[in-house]
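Enquirer: Take this structure first; my questions come after.
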Amino acid sequence: MSRRPDPDANDPAPTEAADGPAAESGAQDSAGQAAAPAQETTEETAAGRVLFDEPGGSTAVIWIGPLMIVAVLILEIVGQGRIHWEILTIFAVILVGFGMLQFAAARRHVSVVLTETSLRQGAETVELADIAEIYPENRTHEHQKWESARALGELPAVPRRRKGVGVRFTNGRLAQAWARDVDRFRSELTDAHLAVKMGLTGEPGTPKRR
């Protein structure tokens, strides 16, 4: 005698649980994951693009010491004399340490980063909206007042091998922005400052300067 199949065996499982707390929790997680990229994009837009960047220091200063030690070591090996390992080690530590110190100081005090909304000179950052005027290059023999102004950053004067760009802030203060590639820096700074004054940058969702 064959067994009659249970009429409820092939019925689909109830789906009420899909609409319960677990489904609501999954929907909230999905919404949170979707909102996270949007928040990151907003922060990135608020920071602005980097328009000009000079790191200030080169790793070449770190390698000068080791290369000098290697050269002296080769000379001692070729000379078939006693190799002064102790002296070479001491000098290597001193030269490498001095090179790393000089590299770190250059990165801190003479680096330049210009974004769409701000300018960082060394450890000092100023907002482009606080700048009232950017002076053009002085092509005359007459001394301009901004050329005697204090440099931006911690240093009292424009760093060595850099040239200054005169700026006047909204509070009337004169200062010198500076960079090694001063022509390109002045051009980028002027364009970015004009874009900020026209309201083309600085707020999330506003059109960006191309």
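Quick reminder: no glycine exception, Cβ is built from N, Cα and C everywhere.
Below are the features listed in TrEMBL for this protein:
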COMPBIAS  10-44  compositional bias 'Low complexity'
REGION    1-44  region 'Disordered'
TRANSMEM  60-78  transmembrane segment
TRANSMEM  85-105  transmembrane segment
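Thinking about packing and proximity, how do these listed features fit into the structure?
Expert: If you look at the transmembrane segment (60-78), the same-chain residues 6 or more away from its ends with a CB under 8 A from one of its CBs are 84, 88, 91-92, 94-96, 98-100, 102-103, 106.
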Enquirer: Which residues of the chain, 6 or more past the ends of the transmembrane segment (85-105), have a CB below 8 A from one of its CBs?
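Expert: Same-chain residues near the transmembrane segment (85-105) but 6 or more away: 57-59, 61-66, 68-69, 72-73.
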